[in-house]
Amino acid sequence: MAAAPSASGRRSMSWGSSISQSFRQAEADDPFGRAASQQGHDDDEENLRWAALEKLPTYDRMRRGVIRTALLHHDGGGDGGGAAAAAKDGRMELVDIQKLAAGNLGRALLDRVFQDDSERFLRRLRDRIDMVGIELPTIEVRYEQLSIQAEVFVGSRALPTLTNAATNVLQGLIGRFGSSNKRTINILQDVSGIIKPSRMTLLLGPPSSGKSTLMRALTGKLDKNLKVSGDITYCGHTFSEFYPERTSAYVSQYDLHNAEMTVRETLDFSGRCLGIGARYDMLAELARRERNAGIKPDPEIDAFMKATAVQGHKTNITTDVTLKALGLDICADIIIGDEMIRGISGGQKKRVTTGEMLTGPARALFMDEISTGLDSSSTFEIVKYIGHLVHVMNETVMISLLQPPPETYNLFDDIILLSEGYIVYHGPRENILEFFENAGFRCPERKGIADFLQEVTSKKDQQQYWYHDQERYRYVSVPEFAQRFKSFHVGQKMQKEMQIPYDKSSTHPAALTTTKYGLSSWESLRAVMSREWLLMKRNSFIYIFKVTQLIILAFMSMTVFLRTKMPSGTISDGTKFLGALTFSLITILFNGFAELQLTIKKLPVFYKHRDFLFFPAWTFGVANILLKVPVSLVEAAVWVVLTYYVMGFAPSAGRFFRQFIAFFVTHQMAMAMFRFLGAILKTMVVANTFGMFVLLIVFIFGGFLISRNDIKPWWIWGYWASPMMYSQQAISINEFLASRWAIPNTDATIDEPTVGKAILKSKGLITSDGGFWISIGALIGFLVVFNILYILALTYLSPGGSSNTIVSDEDSEDKTDMKTRNEQQMSQIVHNNGASNTSATSSIPMSGSRSTNQQSRSQIVLPFQPLSLCFNHVNYYVDMPTEMKEQGFTESRLQLLSDISGVFRPGVLTALVGVSGAGKTTLMDVLAGRKTSGVIEGDITLSGYPKKQETFARISGYCEQTDIHSPNVTVYESILYSAWLRLSSDVDTNTRKMFVDEVMSLVELDVLRNALVGLPGVSGLSTEQRKRLTIAVELVANPSVIFMDEPTSGLDARAAAIVMRTVRNTVNTGRTVVCTIHQPSIDIFESFDELLLLKRGGQVIYAGELGRHSHKLVEYFEAVPGVPKITEGYNPATWMLEVTSPIAEARLNVNFAEIYANSELYRKNQELIKELSTPPPGYQDLSFPTKYSQNFYSQCIANFWKQYRSYWKNPPYNAMRYLMTLLNGLVFGTVFWQKGTKISSQQDLFNLLGATYAATFFLGAANCITVQPVVSIERTVFYRERAAGMYSSLSYAFAQACVEVIYNILQGILYTIIIYAMIGYDWKADKFFYFMFFIVASFNYFTLFGMMLVACTPSAMLANILISFVLPLWNLFAGFLVVRPLIPIWWRWYYWANPVSWTIYGVVASQFGKNGDVLSVPGGSPTVVKQFLEDNLGMRHSFLGYVVLTHFGYIIVFFFIFGYAIKYFNFQKR
């Protein structure tokens, strides 16, 4: 490979990483291994086949392979059957590699060549490469004097309140005046180091130390707003010389995937897009050298390597390798899912995120917190496999782990310890303890080294590791550690290496990738089109629902505009036809509105793929554009076919098809417009608000609401810029230039020869037939422009959002003077056994107060009742999933828990442990009463009495695995709110607040007191901060029984230690605490008193005490014949999971569940359960006088307090609401400027009627749509809070409705003042206040209707689709497009049922119901305005009282339906 590489040859050549993301290692040997030197395993047939292969031209030879005949007839499935059959059948055949690369044949070959030993297989590959002297490309990554800074607001100025949002806008417009509290935060500070190939590096550090920032910097994925200095090079080359996004792979800690795709489909897509790199060129060179040297490789290894070099297929054998390596093969064909779609588990999603990057050809891997949600055994196997890639295939890998167990830690070669932006240590793992011992700190026995490293730099944890008895402890700061490292021998060696520049000429030509994408543009488009088509099929319900909705609307509209009621030939007849055409047009436009939400939903995954260079952004845009063309064809065809002849439009085939063309192009234009808006606005709340504003502008200047002749000169450009005007013009010309409208015009005021042209001219439309095609051309122009803008937005706009927490002023000061401050001491827990056997008290330890420095404060003592929880023979069943039925399962239900018995006692900390899928969370949900579906069998008692859920909710706490909190409140507000509603009403306000402060100090959230919670992965708190908040929210409830589902998952070792100290202290107060736990370190695991161990299938295999150093657990399992003894210092938790794994069970031929059921331990547990299932003498069943801790009034006040604060800190919702109100008012005011001062003609009155209709409908509709995402997010939080028994559903509904009413009143006042003055309505008090009332009332019922739809549907998306069905109906029967007297009698009831019609009635009747001005009527005699309203519109001033009452009625009805649905509809499936 000395020659200059081709374009493909310059790609990253990590064929090894894509070939073999391998299996967890078992103990089986590979009976099929072959030496590279051609020993005597070849038979004559194999030689003949190989000789035939060698005679083929190079191109054909690379696409053919020789494999055993048995594999060709194997059905795949990965069960090893193909390997076994192939071992018996030695016949060989020549096969097409294209067929081998995908499908069952490839999986059978995979089973055969791997044999569950990834290292051995990789070494066979490496031996083949080394035999012909090919050098694998390697990458060395250097970073020198790298510093990264961010400019951020700190303290209260950083909170996104409405005032801060307004201040930010003003500062952006007029510049900064005075201090803005924006400060420079150092994320990384002058760090340097070398990440070497063939060495696996572990990155450790506490939260906010800069780990993710360092990884993003090294992979070229930093936010452009950050200030960066220093150099980063790959093999001496800077980022400008290659593409770091493809040379390296960054595995993010956030799991962003398409929920509707399966695991296999997700990895197939990433593998297809990332390409094969230089794998094909390397393989061709390998084959050439082997041929010249007369070397014959193992045919099946050869076929396998060729299969991995096939590019562009929908699936590839490398996907199956990755699935096996990450343990995802068991869920390969299950959809990933999300919060609304049931899919794979959180740990499996994390592995999918890792697998996405492993399928590509990158040879430098940077993996950020890949173990979150995984048990320690799975983490060990995955890291071990990656270590094989590093050591055998010379890859470069850096991995950050939160809580690496010792056995995983020992797999790494180098350690980087990062803290406060400084590198404390970077060098070999063997020397790091020596470094800290030189500084005076030693890792204790039975303490994980990784845990020690993350705690030793912390002020609050450092002192416990000081071991110099002769010297007094002194806090060693992080900068001092960093300085000490520079003088340490490892640091000095690193500095010397950094001084020697890397020889760029020695860089392997395939090491750095110089092509931007893995596929050609055409192949990328095909791949994305295939993926988007798959997503459309998976979301087919949405498209079917939209068509069904369109059919219903078409039926309703064609019965309103029935041809028997639609005479033609006069100008007045034309008005009704214009109404029918306009309604059709509005329906088509509204139908395109759903594209807004569909686009925004796809953006997070798109941005990830775009930034990782999966494909060019334009391919995603073009794919979505092309795939929506059939949607427009179907929906336009459905509407036109159903309505055209029934409504009585011009009976001509040509005009029928021309209307279809107009509606098709309009629908395409609408979807393009909303796609573009979604791409630039990015969030549902902002996009919904602005989308409705754009729709309003398009509608106002569409040519129907106000004719061109009546538009003010300063707005005439808006008329020509409105796409709806061209649509209106096209369909109007198509209709009114038909022969039946060619009747001579008799109206002298309009100078046109025919009635049809007179109608067109009265609306300011073109009167020639050529205008139709001009309008179609203009619409196509809009369509093209919107699509181009959409693609440009996708290409150049950043994702937006921030995952940074707010830095408090105090925290900022702390970091400045940290060296000079003394450590604050944590006060000890105070135990109080209480005055009786059935009561106890708790107190919370306080850390030193900032304000008083080291002065301790008094502790709050709150009473609680110790309780034991017993469960006996518990079983849990769910309906058999559809996927399993399709695979042949015949049972009607699936058992998830099988005969589980146990007891949780006061003062005993119990660990609930098991591998993923063992049923830990399921059991906890069952015991806590959180299951919403399925069948539960068995006995559950609380201190001897049957558990009553309502009572149990009052005295229990549940820290869920997913941290669900209201995003727009602060940490302190979240905790105070929980305490307010869950502590007894006897606790006064001051005591409650002090208790909250103590809990916050206990879990170290006091520094984050005023930080916004935010949305996970988008804004606000980090994962570990959010986890601590979850625990604090439950602790302030002062519960007797606490369930914690993986409280340490997602936390680093130090944060996990903080949490476990908190948990231990809680148990010591006499509470009953049980925790599920995934990957505990030794010290965390041994902080538990008892263990309940589950195996897959929900069966108990151990329940009992751990004992000192876990000796009771170890003795129990070591007594089982064949179980290997635990080695000294090994983590008992890891050992326990390994020796009880399904593989170990199969090897020992035992069933640990049966062994436990027949053990003495089981009998003792049954005796204990029997004892505790009987109430103690004199003990009464737990009961409370009220269902909730607080009365209904207090619940309402607390809920309103939280909602008010949440709304105040939600500018994207409320600031946008008021901004759009202001813009709407100004637009209406200037378009209809002083139209209300003089009404002399029918057109004047209809202009005002149109203004009233549009002013009411569009802003109200915007409120209805934009409130839905807000309510949907809060509803998820509501489900958790309701399950905790915090409040009644009605108090929650009342509070949310009240806060909306307040904002709506202010919105209505602002809107009324603007448009009332600018339009020029009569300034009389009664008219003004009537107008204001109807506007405010309409905003309220629109908003409540949107809230009601969310409460009645499982998702905001479905509610949004329903809105697009209801709003056109309200629009149709509002009394504007068709006035009430002209509505067919069979639909007139809907006019009275339509709230919008009542609002228009109220506004028009209150403003003009007593108007005595003379009104000229075309074709009729003059009349007064009052009489015209009564005769033609059916509106009377005397009816206003009923109109007012009806508005109150709608508000009350919508509120009560919202409250009822919130209470009785539960769409959370658990």
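Glycine is no exception: its Cβ is also placed from the backbone N, Cα and C atoms.
Swiss-Prot annotations:
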type: COMPBIAS; residues: 9-24; note: compositional bias 'Polar residues'
type: DOMAIN; residues: 172-445; note: domain 'ABC transporter 1'
type: BINDING; residues: G205, P206, P207, S208, S209, G210, K211, S212; note: ATP 1 binding site
type: DOMAIN; residues: 523-736; note: domain 'ABC transmembrane type-2 1'
type: TRANSMEM; residues: 541-561; note: transmembrane segment
type: TRANSMEM; residues: 577-597; note: transmembrane segment
type: TRANSMEM; residues: 629-649; note: transmembrane segment
type: TRANSMEM; residues: 660-680; note: transmembrane segment
type: TRANSMEM; residues: 686-706; note: transmembrane segment
type: TRANSMEM; residues: 772-792; note: transmembrane segment
type: DOMAIN; residues: 869-1121; note: domain 'ABC transporter 2'
type: TRANSMEM; residues: 1215-1234; note: transmembrane segment
type: TRANSMEM; residues: 1249-1271; note: transmembrane segment
type: TRANSMEM; residues: 1301-1321; note: transmembrane segment
type: TRANSMEM; residues: 1331-1351; note: transmembrane segment
type: TRANSMEM; residues: 1359-1379; note: transmembrane segment
type: TRANSMEM; residues: 1439-1459; note: transmembrane segment
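What Swiss-Prot annotates, mapped onto the structure for a quick look.
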residue : record             : contacts (Cβ under 8 Å, 6+ apart)
G205    : ATP 1 binding site : K211, S400, L417, L418, S419, Q454, D1052
P206    : ATP 1 binding site : S419, Q454, T457, S458, D1052, R1054, A1055
P207    : ATP 1 binding site : S1022, E1024, Q1025, D1052, A1055
S209    : ATP 1 binding site : L418, S419, E420, G421
G210    : ATP 1 binding site : I148, I187, L188, L418, E420, G421
S212    : ATP 1 binding site : Q253, D368, S400
- Query: Does the transmembrane segment (1215-1234) reach the transmembrane segment (577-597) with at least 3 CB pairs under 8 A, where each pair is 6 or more residues apart?
  - Reply: no
- Query: Against which stretches of its own chain does the transmembrane segment (1359-1379) lie, if we need a Cβ under 8 Å and a gap of at least six residues from its ends?
  - Reply: 542, 545-546, 549, 552-553, 556-557, 560-561, 576, 579, 582-583, 586-587, 590-591, 593-594, 597, 1249-1250, 1253, 1257, 1261, 1264-1265, 1268, 1272, 1345-1346, 1349-1350, 1352-1353, 1387, 1390-1391, 1394-1397, 1400-1401, 1432-1434
- Query: What else in the chain is close to the transmembrane segment (629-649), if you only count residues 6 or more beyond its ends and a Cβ gap under 8 Å?
  - Reply: 543, 546-547, 550-551, 554-555, 557-558, 561-564, 566, 568, 577, 580, 584, 587-588, 591, 655-656, 659-660, 663-664, 666-668, 671, 735
- Message: Quick check: with G205, P206, P207, S208, S209, G210, K211, S212 left out, which same-chain residues have Cβ atoms within 8 Å of the centroid of the ATP 1 site Cβ atoms?
- Response: L418, S419, D1052
- Message: Counting other Cβ atoms within 10 Å of each residue's Cβ, which of the binding-site residues S208, K211 comes out lowest?
- Response: S208
- Task: May I ask for the residues of the chain that lie six or more residues beyond the transmembrane segment (577-597) and have a Cβ under 8 Å from a Cβ within it?
- Result: 542, 546, 550, 553, 557, 561, 566, 568, 628, 635-636, 639, 643, 647, 649, 663, 666-667, 669-671, 673-675, 677-678, 684, 687-688, 691, 695, 698-699, 702, 704, 724, 727-728, 731-732, 735-736, 759, 763, 1357, 1360-1361, 1364, 1367-1368, 1371-1372, 1377-1378
- Query: Looking only at residues six or more beyond either end of the transmembrane segment (541-561), which have a C-beta under 8 A from one in the stretch?
  - Reply: 576, 579-580, 583-584, 587, 591, 594, 598, 631, 634-635, 638-639, 642-643, 646-648, 1357, 1361, 1364-1365, 1368-1369, 1372-1373, 1378, 1383-1384, 1386-1387
- Query: Can you name the far-off residues of the same chain, 6+ from the ends of the transmembrane segment (1249-1271), with a Cβ under 8 Å from a Cβ of it?
  - Reply: 684-685, 688-689, 691-693, 695-696, 699-700, 704-706, 1210, 1213, 1216-1217, 1220-1221, 1224, 1228, 1231-1232, 1235, 1296, 1300, 1304, 1307, 1311, 1315, 1319, 1334-1335, 1338-1339, 1341-1343, 1345-1347, 1349-1351, 1356, 1359-1360, 1363, 1367, 1370-1371, 1374-1376, 1396, 1399-1400, 1403-1404, 1433
- Message: Restricting to the domain 'ABC transporter 1' (172-445), what is the model's mean pLDDT?
- Response: 85
